[in-house]
Amino acid sequence: SNLLPLSFRSSSQLSGSHGPGFAKLNRREGAGGWSPLSSDRYQWLEVDLGGRTQITAVSTQGRYGSSDWLTAYLLMFSDTGHNWKQHRQEDSIGAFPGNSNADSVVQHKLQHPVITRYVRLIPLDWNPNGRIGLRLETYGCPYNSDVVSLDGQSSLLYRLSPRPKQMTKESISLIFKTLKNSGTLLHAEGQSAHSLTLELEKGKLLLLLRQEHLGSAQEVNYHHLVSLGSLLDDQHWHHVAVEHHSTHLNLTVDKSTLWVQIPPTFTHWDHSQVCFCLTEQGLGSRRSIGPNRNFHGCLENLVYNGVNLVDLAKQKDQRGNVTFSCAEPVFVAMTFTGPQSFLWLPGVTELSSTATSVGLQFRTWNKAGLLLTFNLPKQGAVVWLYLSRARLHLQILKSGSALNDGQWHSVELISRQGHLTVSVDEGEGATAHASPPFLVTTGSQLFFGGSSQDCMNPFKAFQGCMRLLTVDNQPVDLIMVQQRLMGNYSNLQIDMCGIIDRCSPSHCEHGGSCSQSWSTFHCNCSSTGYSGATCHSSIFEQSCEAYKHKGNMSGYYYIDVDGSGHIRPQLIYCDMTEDKTWMVIQHNNTDLTTVRPSPGKNQHMAHFEYTAEEKQLAAVIGQSEHCEQELTYHCRKSRLLNTPDGPLPSWWVGGPGAGQVQTYWGGAPPGSQQCSCGLQENCVDPKHYCNCDADRTEWYGQANDSGLLTHKETLPVRSLVLGDVQRPGSESAYRVGPLRCHGDENVWNAAFFDKETSYLHFPTFHGELSADISFLFKTTSSSGIFLENLGIKDFIRIELSSSTEVLFSFDVGNGPLEVRVKAGSPLNDNRWHRIRAERNVKEASLRLDELPTATQEAPADGHIHLQLNSQLFIGVPRLWKQYLYTQKGFRGCIRSLQLNGVTLDLEERAKITPGVQAGCPGHCSSYGSLCQNQGRCVERPNSFSCDCGPSAYTGAFCERGTQGLSLISHSSALPSSISSDMTLRAENVSLSFRTSQSPALLLYVGSYHREYLALLLNKHGEHLDPLTFMLFLKSAFRDRLRNRVLKRCYAFLYRHSAIDICVRVSEVKSFSFSPDSGELDPELSQLASLGFTGCLSAVLFNSISPLKAALLHPVPSPVIVTGPLVQSICGSNSANPYAAETTHHLSAAITCHFLCFAGVIAVVIFVTVSALAIMARVLYRRKGTCQSQEVKTVKPEDSPELAFSSQTSSQNGPSENQKEYFI
């Protein structure tokens, strides 16, 4: 280095031979380097480079021949020797590692060159067996630039004449520095109706694109207003660039770039003049929407489409005080970094003073903190000036609001003649007054930001910056404070403001709003559909299949197809009534639409807009096993795909993006130019491949051309063009159904690792700032690694550390961090368990099944980028450089593995990997409980299903009771043989009903020996509860069978109340469906004549479901029903004639204590209506609905006390409408 010794300055020196002039690298003069008087963190060494220089690297060395060297330090830069700015490496790391001895040289290359004149190094740590010792060198080259200074009243106008020609990429770039947080940087416009403006507002850069309506100078249409950057009023240089492409702009501020979509009207710039001024100055009608101020500061290297305007403007139009150098005031700020920070200054010493004042400016993100405190010696009191809830308080006074916005705010406290005044922002904010009964003076000492240790501070310490301190209208020289020539301080950074905007750029994802304090930030994720510290993880499932296997029913659900990806959640209907789970996406016209000839139109065109966004559609189709869409065409003299002339009359457009023209119809393969009848060779005219191409004059309503489009590459249908609709007599109708998809390929994608050395590998996982990992596993092993990805130093790993604990660990450069979740029961139970792990810049979290989430906060100012370079290994044992397995791999199944919303195809990779099998059976052990009402779980290769055969219920989980509505009088059923050798130890009867009739006969079970079981509903008005049930078990031949008596007990439950009834009956051999009403008891005979009108559901006699058999399996069926069978919808709405009624659930168990019997059993639901035929017809037309809740059938036990439960199925979504039938 050729720098003179006078170019080096320091905070202090141990002696003359330890001065800063001896701090050059590799020099041995003097004591061999610089050492300060005391070794603490308030020392510094400064180098004046003589002019602005582009610095690329810095080297350090200890003091020659000594034990004095630095082990860590901070690097500061400045253009003026004041207002220092700390240089931060990647991930905002401020500390640089130093030396390990006195003579070796440690060099750090800066990731980005820094342009500066002054360099300052602040020691952080040093050799514990020595003191601070340093030799220093900087590397770089001189930096030249064109600079202009504007004082807030001046302006600069440049006319682009002739106008620049069109370019493929147009751009504006500049560098600026300012102390003012608002002002117009640049305004460019031309003869067209649009303009571009760059403005500062509250320290942020605004880009304004606007278009003015021609002929109306007062009407302005603002098209785009975007914001980027923060704290740009820090009096440091900031780089701004605007690149204009055909459809978008790239706005760059320092290291952040924002992509901005622009309308077609802004496709070309034709700016004829550029002004650094208020837009009304020199440019007439254009007006700024921002602050009404010119820019006050310095501009450097302003380049417009390759032309340096600052250089050319020296000979162009100038207005006001424009100087082509950067003249800037010197403001010395100080940073209060933590709770121990404070500044002490001497106060007023003249006790006779009757007036005092204290002023300051501050900026902070915190809502609370102490700004100033001093004693009132005469009154024995203390004055506290502090922030609370972002408002300024002085004892009982408070003023100002939102003072934690990071902007500079001025505060002045004035006490004069018994009046106390506190003003904020020079009266622009707020002013508060008080008249205390005593004189307020500052006393002998003032504390700013905090207080010394021997003084109790009842308020939170201030964290932020202060500057422009005044006491009794006299400015405080903070440089003297820094040199310990006045006052005292602790944990202060003087001559710099170290405030950082942790929300710029924001780490809050998916539209989450960012707020911050001095040391951290917070994301508000409400109304985003995402959760976590950075709103990264979706709160919704990725498919209807996932919702179904959490036990949900049909309904509308928010589907987030890519999890934490950029595609927004969409509300989609999930149809779970069948074994398959369908995602149904509607569009704007799913009805049958009639087309008739229209004058002047040769074609009919229809365009379909779907309720899901384009990216959502593509993702749903891509991840589904099967998709289909109905396409139907009814015609009369309207040909479809073939005409005698040859040209194609009709076609449709389908597929991803804009879609492609398709020339086939539903049921035929793509490109075939056929309909389904042509493929099946059953068209009405064998010469044609579509029914409608026969060109018949009669309607082909039944023999239409319809079918399903099932090729995912051509879905969805986006538009339809019908060409043969203009001829006289032509008439047609079409229907395009909703898009329906089923089968989530991600949910059941699994692999089985049958050895502890088995593993799968995938490309490197890229989750630098945010990473979420979720999967399901099941195992019988007590430990093993699920997945691992390594970098040079960084890594990420999830493992089963013990049979009851899952461990999530990673390292991003701050040292390993671990998050653990401990389960209350063993996890190696061969059942599916779900793991969800997330790591972001703020915290790491881990969740196991439904246990509480465990979290671990990340360091506030540590490394944040996760840098990995190895392959991602699944199920791999931990392998080190010594090739020794330190922990065994995973043995078991992993399913539905997703990283940042992307599913890894385990099955495809497993097919080509030894030791790993594709798929993993055995789901009933985990999901069998979803099968309700005695439904039986059935294993499938990649799923499971519920067999509802032994239950009276239907549905995907046997949750819907089979329901019928009785309306036909004197219905009867013939005898039915259920089983010829059934041995019964107990009979169980259950059903649900809804009716407004009483009395009524609900159920009748009879035998060939005239023994019967009857379930009755009491008559209204009797002494008993109108809804009291009566159970009868009687024999018409008791005298004949008196010697064979059987005791039976009934455990009867109604409204969760149990009643036991015991009677003795004779042995029952068989039952009959067709009781003769003449042989019944008079009471039953009368009730049989009245019949039953109402709703029956989920009728079960032992293992027999007669109603289910009659309605769902009519052929062949052991139950014969006389009369019509009409399907209806069961629901609780106002149109329901039974809406005012309540559905009642009944379960009765008959247990044998003395004698078991066998025989042929026949069951009948005796459903009759005694009303006249007209009433039956009226009720038949009303098609009422009723809603039945689930009934869990009683399990037979050898005890009269039997369990019974009733539950509804309304989990996390709307219940589906249930089907009902008229009998």
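Positions of Cβ are set from backbone N, Cα and C atoms, glycine also.
A Cβ distance under 8 Å defines the sequence-distant neighbours of the compositional bias 'Low complexity' (1-17), meaning residues of its chain 6+ beyond its ends; these are 23-25, 30-31, 34-38, 42-50, 131, 137-138, 482-483. Per TrEMBL, compositional bias 'Low complexity' is recorded for 1-17.
Sequence annotations record features per position, and here TrEMBL assigns disulfide bond to Cys893-Cys920.
Among the features that TrEMBL reports, domain 'Laminin G' is placed at 147-326 (among others).
Averaged across the domain 'Laminin G' (332-497), pLDDT for the predicted model comes to 83. Residues or ranges marked as domain 'Laminin G' in TrEMBL: 332-497 (among others).
Taken from TrEMBL, the feature domain 'EGF-like' applies to 499-536 (among others).
For the domain 'Fibrinogen C-terminal' (535-587), the DSSP counts in helix, strand and coil order read 5 helix, 18 strand, 30 coil. Annotation comment: TrEMBL describes 535-587 as domain 'Fibrinogen C-terminal'.
Per TrEMBL, the feature domain 'Laminin G' maps to 749-920 (among others).
Annotated domain 'EGF-like' per TrEMBL: 921-959 (among others), in sequence order.
Sorting each residue of the region 'Disordered' (1-22) by its DSSP state yields 9 helix, 3 strand, 10 coil. Taken from TrEMBL, the feature region 'Disordered' covers 1-22 (among others).
Per TrEMBL, the feature region 'Disordered' maps to 1191-1223 (among others).
Sequence annotations record features per position, and here TrEMBL assigns transmembrane segment to 1157-1180.
Counted with DSSP, the domain 'EGF-like' (921-959) comes out as 7 helix, 12 strand, 20 coil.
The number of other Cβ atoms within 10 Å of the Cβ belonging to Cys920 (disulfide bond), over all protein chains shown, comes to 25. In sequence order, Ala750, Ala751, Phe752, Phe753, Phe777, Lys778, Thr779, Cys920, Gly922 make up the list of same-chain residues 6 or more apart from Cys893 (disulfide bond) whose Cβ falls under 8 Å from its Cβ.
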